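This report concerns only the one structure given below.
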Amino acid sequence: MTADELVFFVNGKKVVEKNADPETTLLAYLRRKLGLSGTKLGCGEGGCGACTVMLSKYDRFQNKIVHFSANACLAPICSLHHVAVTTVEGIGSTKSRLHPVQERIAKSHGSQCGFCTPGIVMSMYTLLRNQPEPTIEEIEDAFQGNLCRCTGYRPILQGFRTFARDGGCCGGSGNDLNCCMNQKTDHKITLSPSLFNPEEFTPLDPTQEPIFPPELLRLKDTPQKQLRFEGERVTWIQASTLQELLDLKAQDPEAKLVVGNTEIGIEMKFKNMLFPKMVCPAWIPEPVEHGPEGISFGASCPLSLVEKTLLDAVANLPAHQTEVFKGVLEQLRWFAGKQVKSVASIGGNIITASPISDLNPVFMASGAKLTIVSTGTRRTVRMDHTFFPAYRKTLLAPEEILLSIEIPYSREGEYFSAFKQASRREDDIAKVTSGMRVLFNPGTAQVKELALCYGGMHDRTVSALQTTRKQISNFWNEELLQNVCAGLAEELSLAPDAPGGMVEFRRTLTLSFFFKFYLTVLQKLGIQNSKDKCGKLDPTHASATLLFQKDPPANVQLFQEVPKGQCEEDMVGRPLPHLAAAMQASGEAVYCDDIPRYENELSLRLVTSTRAHAKIKSIDTSEAQKVPGFVCFISADDVPGSNITGIGNDEMVFAKDKVTCIGHIIGAVVTDTREHAQRAAQAVRITYEDLPAIITIEDAIAKDSFYEPELKIEKGNLTKGFSEADNIVSGELYIGGQEHFYLETHCTIAVPKGEAGEMELFVSTQNTTKTQSFVANMLGVPANRILVRVKRMGGGFGGKETRSTVVSTAVPLAAYKTGRPVRCMLDRDEDMLITGGRHPFLARYKVGFMKTGRVVALKVEHYSNAGNTLDLSQSIMERALFHMDNCYNIPNIRGTGRICKTNLPSNTAFRGFGGPQGMLIAEHWMSEVAVTCGLPAEEVRRKNMYKEGDLTHFNQKLEGFTLPRCWEECLASSQYHARKREADKFNEENCWKKRGLSIIPTKFGISFTVPFLNQAGALVHVYTDGSVLLTHGGTEMGQGLHTKMVQVASRALKIPTSKIYISETSTNTVPNTSPTAASVSTDINGQAVYEACQTILKRLEPFKKKNPSGSWEDWVTAAYLDAVSLSATGFYKTPNIGYSFETNSGNPFHYFSYGVACSEVEIDCLTGDHKNLRTDIVMDVGSSLNPAIDIGQVEGAFVQGLGLFTLEELHYSPEGSLHTRGPSTYKIPAFGSIPSEFRVSLLRDCPNKKAIYASKAVGEPPLFLAASIFFAIKDAICAARAGNPDCKTKKLFQLNSPATPEKIRNACVDQFTRLCVTGTAESCKPWSVRV
């Protein structure tokens, strides 16, 4: 049968595709067929929003043009017939005019690495197309489906709030009495100049937006016909009528129905499922009908329309009729981002039959009715406990389809609630969901009907029938509560090895949810003055019934203005926007995978181990060779040079004979396209002989599996210190690992040049020189034949310092073997599986202290999980030991470090580099000292704090010790003591919600601890027109390094920044570079740039003297005509660096950065949920080179630390397989995760004489300040435990990091947790283990 032509529009241009493949996504088509690379691939599963576009179509059923955001990575092109697509390139450009959305995110400093920026721009643009004057709440809701790993979200929201009708930010101008900077503080604030000026923004003019394609509008009355698209493996049929759909299902009952592709797309990509025939019913009318018993929705109705319809119903119907609707709306509020809700259908959510569905428990509890049809039959069934007979199964026969669902009106005396608990509120998969309904006999509190339905408690949605049936005719009181809780605890049990783990937490949630429902109904009954044997609501319990509400935003950014008289062209100290921000916002900025494909380019896909430790018995590529476009398979046998690689020469480019982790690279397939490469890699068959594996730190300790050497720092007399101590506390702390989650995954393009072994590499790496060295070693050629080029990265955070070479060595080998350009960009799941992350740590400590709280002795044994190679683990452990004191002077101290060798992918550098782990351990035992002494934690911390001139435990003298200033300023500006009293009062008045405060300092050493890395070079070219091309050894990954280097050169040369340009970092301009890491890149590269500029200035000096009134261009031209070189190099090495572990002497650091943060949180003791109310930060960055960039780094680091300490959790199976391989299972902070009040102040008048222009490093030091959130949570848990008779140990308790909802809930011991204690059966393997 002949395939139809696919017709759609992209940015106003008509696209006719004669060979539409149903497996091709819109993202792939945009990037590879149309060359529109602004839309990014971040995850491939609709979880990050980097691929967001706007889709527009004429909706025949609503009789209007509709605009909605969508994930291009999930949208099949076949679903876009007669749809208009708008990408970031279609709304504005630096070459013409930026759209106001693009301009505002750029000028408000909302783009750092920029990889997420186009998607965020398109989410905001879509909102404005639908609502030109949105509310602040609508703006925040628009970004539920978008992630950013760099900015900390504040500048994005603050910039876009200028569009809001109810809260445009004045930018801190001080002209608005209601300014967020003037709210909720009595502390005197010296207003800074604003980071941006909203008055400079181009106004939004909705009349100037592109029109909907007239050709598509003319088709609105044309009858639709069935369409058929044929791909390599899949046929797509677009049904135009219900009868067509029924006939198609009758002909092929196994044909898969697809609407939004939000579930099927995931199954095809990540579960390797194939559906040869896909039928799309999206054109079939999806009527919304208001009937006598409820509102009926067609099964294809998008969830966004369901949400809008129910919101209208709640606003217009009597309150007693809308109880169920409110429950559905509460679930939809957190269901997913706009991109998913706009395309996902209500019927698809039901038929998917997910055991953790947000909506199915609600529909089941409400008694929703489903209309099911097939050819010649039609039936209506109630969605009850029988509808899901097994895992992912429904009662529908293969030939049947779901036609509609009717959500009922609630009745008088009927109450309904819906609940969900996940790791993160926005766009997260639930741990447990629930729908609960009760109907009372008229005028009484006697139960007539009770439905308690749950997701996440079985392999399907379940109804607690045994429990609920026993409550009929009982009264709504304390006795019923106890009976239901006891019944649920027995009926909804989970095996210790249940998939998803968190068994006690999930079981407890079933009771907690019912208790919330009980209180909510009790409250409503009380309002109605029903006293018929009804329980009474304790006022301290009332807050447990409140739904989550985020407080209005209040953000402050304070910094020191440049001195009066500073030249206007001197941009040092000014909040200059990131130089590439506008290009990033318009999609014009080029990242590695954005480079256009070469004519004969090939694609590579890695083949990795599925065993943690095993011998390789055989590799069979025969099936892979059958995949269309297959070229070759490469392995260790193809390496012409050395297969040995890695920082410690303990790795292999490709595993040979044996694998040592799941994800170990065995080989790679090379094909003509990315899709074919993926299929071919999956077809490679490897057989193994398993060997014993070591997965966890505890395993490694038990089996003495360590890398050498054991590290130790010791000072004072530990024996004497402990003997003199009044108290001694011992314990341990576990700190989980963290995934980098840079939005741009690892990417390499290798281009063989055809001469003398030359190879040109485009790589997303922080380490150009090591990449060059490793590739040269692998190919067996000198380093001078390998050119490595880096334009920019979409984030790095340490993850691209060494681990980028796992891709950048495989790709050039394929290019060498084939003689053709080869490209590889890892999928998100590959990247997370292969490249490692932050090291998990286990610390065992013993601390001795006096009754006054003064610590006199400390012993800490540190263990890190390094994985299967050493990589940078030794340096990371060294830094952990250097930071084991944090900010405290401990006279007698010993720290040891053991690096565990395990069968996990090698862990590596991550922002902070071991420092955060060392400091969190310090603050943990410090908090236990305070609790034991019965003293305020802030008093104990201050009492033990270093003073100016003190020596650290590694004998480095503290000079320029600004920490006390930071501490006092933070105490004052945060109103710590007053707010602590307010929190105590809140806790007295609320039983199930508790607040906590904490103030935490940080001291972070600045330098590579490997001395020779503290060097940098720069190259400056001055052209005859006066323009300057600047190159240095650092790479740009969003931290603003290139921007700061231009500012440094601008001041040094005394010319405007507009005359200076940085193109890229490359090994043929600046050789032998150090990695862009350790927060020192501005220090060392800035000084090298300065030195190069000074050389240029000295050469120009004679011409300036001859022509003092001349211009820069005049002097440059004169020098050129006099044959004076206008090119200069600069070089810098940090002086007086070097430390000996043997003698505990020398200086590992050039200087220290300091900061203090105070945070307040509120926890829900029943669910473990928490919200970050407020954070105040005071940070010493010296004399800031760029306050906007520095504040952005402070906020971004803090929010990344917030993820580390409260949210991000890696789950491994006992066999060493990573469960969390994407944004659906691994949660980083989202827009709603940040503190409602976020106040950052850069310490004034604190120049640093040891760095360029008196500045200080800023990238890593602020991250640890997020520990203030962790300890604020712990403070709130203490308040919960103190008031609960079920808790035996009130204040000393174990809280490992991260403080997830599971850990928070389990720590808030109460009558519900007591009912849900689950033993561990020896025969059961847990779903996940703590590595």
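Glycine is treated like the rest: Cβ placed from N, Cα and C.
Residues or ranges marked as active site, proton acceptor in Swiss-Prot (evidence: similarity to another entry): E1260. Every protein chain considered, the tally of other Cβ atoms within 10 Å of the Cβ of E1260 (active site, proton acceptor) stands at 29.
In the three-state DSSP classification, C43 ([2Fe-2S] cluster 1 binding site) falls within coil. Listed in sequence order, A50, C73, R828, G1222, P1223 are the same-chain residues at least 6 apart in sequence whose CB falls under 8 Å from the CB of C43 ([2Fe-2S] cluster 1 binding site). Look at Swiss-Prot and you will find C43, C48, C51, C73 tagged as [2Fe-2S] cluster 1 binding site.
The Cβ of C148 ([2Fe-2S] cluster 2 binding site) has C116, I120, I156, L743 as same-chain neighbours under 8 Å, each 6 or more residues away in sequence. Here Swiss-Prot flags C113, C116, C148, C150 as [2Fe-2S] cluster 2 binding site, drawing on similarity to another entry.
Residues or ranges marked as FAD binding site in Swiss-Prot (evidence: similarity to another entry): 257-264, F335, 345-349, D358, L402, K420. Within the same chain, residues at least six positions away from E263 (FAD binding site) with a Cβ under 8 Å of its Cβ are A344, G348, T352, S354.
Sequence-distant neighbours of R911 (Mo-molybdopterin binding site) (same chain, six or more apart, CB under 8 Å from its CB) are F797, G798, A1197, Q1200, G1259, E1260, L1263, listed in sequence order. Residues or ranges marked as Mo-molybdopterin binding site by Swiss-Prot on the basis of similarity to another entry: Q766, F797, R911, A1078.
Around the Cβ of R879 (substrate binding site), 27 further Cβ atoms fall within 10 Å across all displayed protein chains. DSSP classifies R879 (substrate binding site) as helix under the three-state reduction. Among the features that Swiss-Prot reports, substrate binding site is placed at E801, R879, F913, T1009.
Here Swiss-Prot flags C534-C991 as disulfide bond. According to DSSP, C991 (disulfide bond) is assigned to coil rather than to any helix or strand.
According to Swiss-Prot, the domain '2Fe-2S ferredoxin-type' annotation covers 4-91, on the basis of sequence analysis.
Annotation comment: Swiss-Prot describes 229-412 as domain 'FAD-binding PCMH-type', evidence class sequence analysis.
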Which of these binding-site residues is closest to L257 (FAD binding site) if you go by CA atoms: E801, R879, F913, A1078?
E801
Long-range neighbours only, meaning 6 or more apart in sequence with Cβ under 8 Å: which ones does Q766 (Mo-molybdopterin binding site) have?
M793, G796, G798, K800, E801, S804, T1035, M1037, P1075, T1076, A1077
Summarise the domain '2Fe-2S ferredoxin-type' (4-91) as counts of helix, strand and coil residues per DSSP.
15 helix, 31 strand, 42 coil
For the recorded substrate site formed by E801, R879, F913, T1009, name the remaining residues of the chain with Cβ within 8 Å of the site's Cβ center, in chain order.
L872, S875, I876, E878, A909, G914, G915, F1008, A1077, A1078
Taking Cα atoms as reference points, which of the recorded positions C51, C113, R879, C991, T1009 is nearest to L402 (FAD binding site)?
C51
Per residue, counting other C-beta atoms within 10 angstroms of the C-beta, which of the binding-site residues S345, T1009 reaches the highest number?
S345
Can you grab the distance from C991 (disulfide bond) over to C48 ([2Fe-2S] cluster 1 binding site)? Cα atoms, rounded to a whole Å.
37
Helix, strand or coil at C148 ([2Fe-2S] cluster 2 binding site), per DSSP?
coil
Looking at Cβ-Cβ distances, which residues of the chain lie under 8 angstroms from G260 (FAD binding site) while being 6 or more apart from it?
L74, P302, V340, V343, A344, S345, G348
Where S345 (FAD binding site) falls in three-state DSSP terms:
strand
In terms of Cα spacing, which of the recorded positions C51, C113, C150, C534 are within 10 angstroms of T1009 (substrate binding site)?
none
